[in-house]
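As recorded in TrEMBL, the features of this protein are as follows:
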type     : residues  : note
TRANSMEM : A:20-38   : transmembrane segment
TRANSMEM : A:87-110  : transmembrane segment
TRANSMEM : A:122-142 : transmembrane segment
TRANSMEM : A:162-182 : transmembrane segment
TRANSMEM : A:194-213 : transmembrane segment
TRANSMEM : A:233-252 : transmembrane segment
Amino acid sequence: MTVSTETPPYPLLPSLARGLAAGGLAGLVSGLFSLLLAEPLMDRAIRLEEKRAAAQEAQEHAAHGHGGGHSHAAEAEELFSRGTQHFGLVVTAVVVGLAVGVFFALAYALVHRASAFTERRWERSMALAGAGFLALSLLPGLRYPANPPGVGDGGTVSERQGLWIAALVIGVLGMLLAWQLAVRMRRHGSGAPARQLAAAGAVAGTLAVLWLLPDNPDPVPVPATLLWDFRVLSLAAHLVLWAALGVAFGLLRDGGQGTRKAPDAGQAQDAPDARV
Amino acid sequence: MSPQTPSATATGTPTPAAASAATIRTRDALIALGAAILALIALYAVFVDNGQLVSATGGYLHEFSHDGRHLFGAPCH
């Protein structure tokens, strides 16, 4: 049997545990960030929506003598109070963080399976977080920017979900292309400028492909300043999630790996990732 | 996990070691697949579901994750 000389299996379980811990933490940080900054905006957007719906209903009453006005905000209030939905935001962010953490750990394991788990973990973790932000947050977010409550027609929701998922898939495929381009060019001896320009070209190409998708069909009856603030805070929430995920995955210690790391701790002594 | 591999080769029984390395790989692949499926289900539940996932939940799942959907840019009604 030659298996004993084979490289040891990649430590997937510690990696997954690290991804879950880092992702949950990142989701919590991003959720609390949004609870503080974005929720006041969403509350304002919902009050405006209620006003719009009430005005529309009054108009219909005046025109037809009866109105079937049925606002989405009123519907939402039947199920949960705004306070519960505020709490729901944080829970949702944690769930998203955990799920993203799983994919982060799996992607990390696939990309770096040929080298030791602990090798250049900080740099690699931050680089993967940056790639994830581009692929799943910034590029799809530029094509289909987030909209505050009060925007979104129930009749077009499945169409918009299809477009949104397509944008996420295109973002991931674009980042895979950029990564493979850079890897293959390095193998052929290309210098850093050529590799990095090619990768940037792939990202720009991905953005162009995203614009081949049809536009979001819904009207946006929201004041421009509210819309702008909400979209900036939405991208910020994405950024906080990915940044915290990259930092936590790069820094967190786990039992087995921590002890194995001890021999080469001479170099790690001055590095901040020896702590935490 | 890996502790089995060195101990098995040290006692001169390569076959269990070989088997365990292959077993670990298979197990890891299954765990990776399971984790990915669970993560996708979680993302579907908070970002896409409109009451179809568990019909008994009606719109509850949707409304509970309502603010998160809007904030993270997922389409909402």
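From the backbone N, Cα and C atoms, a Cβ is placed for every residue, glycine too.
At the 8 Å Cβ cutoff, the transmembrane segment (A:194-213) and the transmembrane segment (A:122-142) share at least 3 close pairs (sequence separation 6 or more) and count as touching.
Residues 111, 131-132, 134-136, 139-140, 143-144, 195-196, 198-200, 202-203, 205-207, 209-210, 213-214, 216 of the same chain lie 6 or more positions beyond the ends of the transmembrane segment (A:162-182) yet place their CB under 8 Å from a CB of it.
Each of A:20-38, A:122-142, A:233-252 was scored by its Cβ pairs under 8 Å to the transmembrane segment (A:87-110), and the highest score goes to A:20-38. Beyond the transmembrane segment (A:20-38), the same-chain residues lying 6 or more positions past its ends with a Cβ under 8 Å from any Cβ of the stretch are 86, 89-102, 104-105, 230, 233-234, 236-238, 240-245, 248-249, 252.
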